[in-house]
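What follows is a set of notes on a single structure, which appears directly below.
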There are 2 protein chains.
Amino acid sequence: MTTRLSTADADFEARFSAFLVTKREASEEVDATVRDIITRVRTEGDAAVAEYTRRFDRFDIAKAGMRVERAEIEAAYEDADEDTLKALRLARERIEAHHRRQVPADLRYRDPLGVELGWRWTPIPAVGLYVPGGLASYPSSVLMNAVPAVVAGVERVAMAVPTPDGKLNPLVLVAADLAGVSEIFRIGGAQAIAAFAYGTETVSAVDKIVGPGNAYVAAAKRQVFGQVGIDMIAGPSEVLVVADGDNDPEWIAADLLAQAEHDTAAQSILMTDDADFADAVEAAVERQLKTLSRSKIAAASWRDFGAVVLVRSFEEVPGLVDRIAPEHLELATEEAENLLTRIRNAGAVFLGRHTPEAIGDYVGGSNHVLPTARSARFSSGLSVLDFVKRMSILRLEAEQLHALGPAAVALAKAEGLEAHGRSVSTRLNL
Amino acid sequence: MTTRLSTADADFEARFSAFLVTKREASEEVDATVRDIITRVRTEGDAAVAEYTRRFDRFDIAKAGMRVERAEIEAAYEDADEDTLKALRLARERIEAHHRRQVPADLRYRDPLGVELGWRWTPIPAVGLYVPGGLASYPSSVLMNAVPAVVAGVERVAMAVPTPDGKLNPLVLVAADLAGVSEIFRIGGAQAIAAFAYGTETVSAVDKIVGPGNAYVAAAKRQVFGQVGIDMIAGPSEVLVVADGDNDPEWIAADLLAQAEHDTAAQSILMTDDADFADAVEAAVERQLKTLSRSKIAAASWRDFGAVVLVRSFEEVPGLVDRIAPEHLELATEEAENLLTRIRNAGAVFLGRHTPEAIGDYVGGSNHVLPTARSARFSSGLSVLDFVKRMSILRLEAEQLHALGPAAVALAKAEGLEAHGRSVSTRLNL
């Protein structure tokens, strides 16, 4: 049964707190297995990658070639439906246009003492993009991960996608090509992450790895962190829909199901001040489930992790939203803008009644790679900033060194770092 | 013996590549121990923290109180030397002034279709700052970690610092107070990281943990990543000094030793086109070592990990610098600005002959928490951006939904996500 909570109930706080920490994924103990895979790929290179690919993907990359050839990409374009291609191109353009606004500015200035400070942003030289195989192999996610890297100026965007039993979604190749991915490898799992982190004969090492994956991929990313950069560890997706009673229950039910159909571990939450409306939405969910192709997945997600939170007033909404820190937040109310100013923790916010979250998944232009599992408390969706880094710049002349030097010498002394002090004082003839 | 490499040598590439992957730290296998500590703190709270503190720090926090009281902070101010206090205040002001320029701007705009896009930055609600105990307990690092958090608008900046045998550097308390730290706990190690990540009766959970620590702290941060955010995993410090023959060898030797005195695993590298100058610097290093209080540490670092790289021309410098990706880079040459434009991978750059790195450690205003161990390839020094996160914003009205909706429906269909498509089409009466 979908959970129903009401802020008017005496036990609300206890039930809401318990709801917040509900685990939606069984955490598999894969660390040791992953450690072995990484070690073998580090020491044996391509041979180890090929062996693991035979074992896990039942596919012989030694024979087929690890790298996807240009001809296969061309064939994928040929196969693609015209409407889909057009939509992918529109999505790419819109993502690019929006992400161009994220390119950070360099800075250089003199402070009142004449000290020059500043920074310079440069792209990460090489990035590895992981794309899951099978069901969750989404061309839209390829665009969302690769376009910001290309906009950032990353020279080499390599992609790894496993091909279980040799199968590969051709639209993934098309999306990669449209986005500007420079090389595509038919490999997956911890072995692909290890190849990206340490390099093999065929796969040159990258500097950062991004993209979602299963428990093995997530564990591998965690283990190679430091050797290379990684993005966030993605969990199952979630949406919180805040809706007043003036919404069409069918629309809101469709939004809840759009999240639920992703995964049985996905989570859809409705928050409203109108109990009758909540009932109408629940009834609409049940109705729509009957004709949905992924109804089994969506029904399980809604039953096990779905929730309806009744509030006494929309005044209660911002505090509750911040505690949930949802990946996706729909504010389907006239009060959307006002609420937004009082909310701090959410990955992406969709304002008003005509902004279903699915628009953001595909063609809004903003990124759909967003912090899950309450991590919007401390992290942001993927952006150009994830593909650049900043060199800090400092310049003093003799005059500024004379002004600031004595304080540096005093602090070096207080910290017992004599050579630090000397490197300053020797220039001051102290 | 300090390594000497020359780009003119036939074996340069092989030796330089090997030099780049030299391990400077023994990687301790502490994962299992750390996992146990985290589990016990999660389930037993304060009692487990107190027990580990007794065991590892030989200190009874149950008796002394886990939290540092106001009176102790006041006493620390009383004890502090006037020059040191003044220098700490100057450092705080300069760090604050520089970091204010890093506060990112919100954005909201309409694209040509009338779609509203944008983002809003908000501070991370609560941050935990880890400060090592004992030798590496530096007040300057407290400022460098805490001031950006306060500038970002973080409401709660909690600090954990272990007090081995009950000892605590009073200047650490002063720096914390000057920076605006809101609470200070006398705890350390993996148990402090676990308390920050999951909360105990005394320590409320935070949303992100920053600050350096030993192998146990680093392993604990890696394990709690996802539950909370973490900053980079800090390794031993390093400097690359690029200097032409017109420099004073004593100055450059002092800069190399300022890095070497940190830690036997620290690394100082001189890169020059002048072999005689290199000899003179090496001689000056040996001379200065004789009178340095931390000469044992500095000598071991210089002997084991120090290096002199001779280049045939400064044209070779940018490529080599990018491969080293040093934490600190001094460009002690008239060509500094020109070189800078061609360098991509470095944590912080110090330009000209009068900018010893130690100025940046203390009073330059820029941050001294910087990417080590070649991670400047993919990450940046600590900044205000590490203490804020971005909510992505999207708003369509009916008109924009009609314009973009069909493409979203097409992509949802291509990805087999029917409910995604429905959430759009139901609003279009398709």
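One-based numbering along the chain as shown.
Heads up, the Cβ atoms here are built off N, Cα and C, so glycines get one too.
According to TrEMBL, the residue from B:SER237, B:SER293, B:SER383, B:SER392 that belongs to the substrate site alongside B:GLN259, B:HIS262, B:HIS328, B:ASP361, B:GLU415, B:HIS420 is B:SER237. Neighbour counts of Cβ atoms within 10 Å were compared across the binding-site residues B:GLN191, B:ASN214, B:SER237; the minimum falls on B:ASN214. Spread of the NAD(+) binding residues is 13 Å (greatest Cα-Cα distance among B:TYR130, B:GLN191, B:ASN214). Here the binding-site residues are B:TYR130, B:GLN191, B:ASN214, B:SER237, B:GLU415, and the ones sitting under 8 angstroms from chain A, going by CB atoms, are B:GLU415.
DSSP classifies B:HIS420 (substrate binding site) as helix under the three-state reduction. Nearest neighbour of B:TYR130 (NAD(+) binding site) by Cα distance, taken over the recorded positions B:GLN259, B:GLU327, B:ASP361, B:GLU415, B:HIS420: B:ASP361. Cα of B:GLU415 (substrate binding site) to Cα of B:GLU327 (active site, proton acceptor): a span of 44 Å. Cα of B:GLN259 (substrate binding site) to Cα of B:GLN191 (NAD(+) binding site): a span of 30 Å.
On the backbone, the CA of B:GLU327 (active site, proton acceptor) and the CA of B:HIS420 (substrate binding site) stand 46 Å apart. Comparing Cα positions, B:SER237 (substrate binding site) lies closest to B:HIS328 out of the recorded positions B:GLN191, B:ASN214, B:HIS328.
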